[in-house]
Ligand SMILES: O=C([O-])CC(=O)C(=O)O
Ligand SMILES: [Mg+2]
């Protein structure tokens, strides 16, 4: 390709009408652009008008991703200046729909794909990635995309979207990010039969082939980029815990659904417990869903009990887990995974078969939904719970919005406006009885950008529990006492840069404290972070 078209056609170098007269001469662009030279602000104003002109969110998603593929600087400038408007498009909930329709709406490839057919060749394939350095990889096998199930290769939208938040939220350099899909097949018949489906067309491979495939990918990635951080995303429950166990002490990696969600909900709980003023030991926490997120959240909350000096055995008695078969107990007769076993109740002789039975029995202070089942916090459940506590904590965390256990409006109206509510996907403010309630978004997007940045910049050996808990506490500290009493438990999304920066700084401090950081300690950690951070501009 000749030089002028290359610079115009490469998203990282293209400025479109932003090339000034000098540059147009220098790069041989004269005549290839309309005469007017524009700055980023002017271009962004036009792009925003275009964004708003579309009839559906999916079209807005496609528009933004096409923009990213034309002019990366403009895309990140636009996104960074319109986060609250655009987050629900590039991320949950719209990204969920974009994944479901990935094959139909495909326009150009982003990131890298490693499939079963690539066995033995992944390391060599990585040399095809056009950018030399990679700081962060988000990898999924598409087996449990949000609460939508097994989407196979269609899941690529998730690593792409997460990395856009790494850039907008924490200031990762976009050219040093890599979204990856490991294609190990799909068990979703609809996609196997869909002529536009773009993945390998076979059922998921057995574990004996699956684990070596993932292992080859990780070995290749850390061989090529020894200081990279790998974020596991949306792996199904049958694999995610083992993968994390196998690799968290071997590579710099974490699982966002277990640890990122764990941290963000720990943060929400810290503030919700401040608001309801019930001592920790008297909390009765009922979880609906015992998958990666449910277990991850509970494990993180356990750290609060440990800090408060409450013995583990006593702390576990504050948790009740409900899955599709009812309350998880040691006596209900099925084989429990080790993760479920840790929270299984041994003090129930009678079987409670549903959430409502558990709520009647337990009288919870909090119900935490990570079930992936939309509407599973029924009016009966929420009203029953609200009878027994002054400020019920209702977290409807499943994504996307259609999978939320209840809506914000339902939660506020069924509790007469008394609840502390958070959801995983955004809900608009709710008017109820003359009050405006602003629902919190308990989504791991508050955690992973800063946790990732901190881990990468100090060249951490591993991501430790302490680093994750530090991230959660830092997030919690962004909400003032005066806000907490009004039921606000998360800071505004528009502060995500400031929050991620602070999380990164505190995570790095913790990594040095724990002997996890391998970078010689810099004079100023804040300066280290700020010097790295990418800000979209044509003057770079
Ligand atoms: O992507 C999100 O919005 C949060 C998340 O990790 C999930 O739901 O799997
Ligand atoms: Mg996820």
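The backbone N, Cα and C atoms fix where each Cβ goes, and this holds for glycine too.
Shown in sequence order, 161, 162, 164, 165, 445 are the residues of the chain, 6+ apart in sequence, with a C-beta less than 8 angstroms from the C-beta of residue 91 (active site, proton donor). What TrEMBL records for 91 is active site, proton donor.
Among the features that TrEMBL reports, active site, proton acceptor is placed at 162. In the three-state DSSP scheme, residue 162 (active site, proton acceptor) falls into the helix class.
Summarising the annotation, TrEMBL assigns (S)-malate binding site to 144, 399, 443. Long-range Cβ proximity for residue 399 ((S)-malate binding site), meaning a same-chain Cβ under 8 A and a gap of 6 or more residues, is found for 92, 93, 96, 146, 147, 424, 425, 443. DSSP gives residue 399 ((S)-malate binding site) a coil state; it is part of no helix or strand.
Here TrEMBL flags 233, 234, 257 as divalent metal cation binding site. Around residue 234 (divalent metal cation binding site), a 10 Å sphere centred on its CB holds 28 further CB atoms from the protein chains shown.
Look at TrEMBL and you will find 68-248 tagged as domain 'Malic enzyme N-terminal'.
As annotated by TrEMBL, domain 'Malic enzyme NAD-binding' applies to 258-512.
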| query | Across the record's (S)-malate-binding residues 144, 399, 443, the largest CA-CA distance in angstrom? | reply | 17
| query | When neighbour density is defined as the number of other C-beta atoms within 10 angstroms of a residue's C-beta, which of the recorded positions 144, 162 has the lowest density? | reply | 144
| remark: CB < 6 Å to ligand 2, subset of recorded positions 91, 144, 162, 399, 443, seq order -> none
| note | Among recorded positions 144, 162, 399, close to ligand 1 by Cβ (under 6 Å) are 399
| note | Here the 10 Å Cβ neighbour count for residue 233 (divalent metal cation binding site) comes out at 26
| Rounded Cα-Cα span from residue 234 (divalent metal cation binding site) to residue 144 ((S)-malate binding site), Å | 5
